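Asks: I am attaching a structure below and will ask some questions about it afterwards.
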Amino acid sequence: MISGIGIDIVHIDRIRRWMENPGILVRFFHPAEIETARSRSKGMALSLAARFAAKEAFGKALGSGLAHFALKEVAVVNDSAGRPYMELEGNARREFERHGGGTIHISMTHEGDNAVAVVIIEKGN
C-alpha cells in the first residue's frame, strides 16, 4: 500500500552556487553523495541537484517535512546496477520509522537546467 508520494524540482544553478561554499554542501549532503557526485561524468552539480530533489520529495512523501532531521542524514546512493536508493541515519531513520517505515522508491531525472525526483513510500501488508 502506498503511504506517501512526493515530488520536487531543483534548478541546477542553485546547486552550482552552493558548490562555491563547501560548508553548504556538507550541511545538506552526506559524504557518500558528495563523493559519488564528484565521479559523475555529467557533472557534480547535476548529480547533487537530483539528490537534493529526492531529499525534498522524501520529506513530502513522509508527510512531516524535513524539520525533524538534518538533510545529510538522508543519503541518496546507487546500488551496483546504478539504481538510486535512500540510506537513512539518525533522526531521519527514527522519523521514518515513527511514520511506519516501509520501502522507499526513488526516480530521479534531469532536463536542461532542472533536476526532478519522485519518492514513493510503500508500506507492507
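Note that Cβ sites are derived from N, Cα and C of the backbone, with glycine treated the same way.
Remember, predicted model here, so these are calculated numbers, not experimental data.
According to TrEMBL, the record shows the following:
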type	residues	note
DOMAIN	4-99	domain '4'-phosphopantetheinyl transferase'
BINDING	Asp8, Glu56	Mg(2+) binding site
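Structural setting of the listed features?
Replies: Averaged across the domain '4'-phosphopantetheinyl transferase' (4-99), the predicted model reaches a pLDDT of 93.
In this structure, Glu56 (Mg(2+) binding site) is part of a helix by DSSP.
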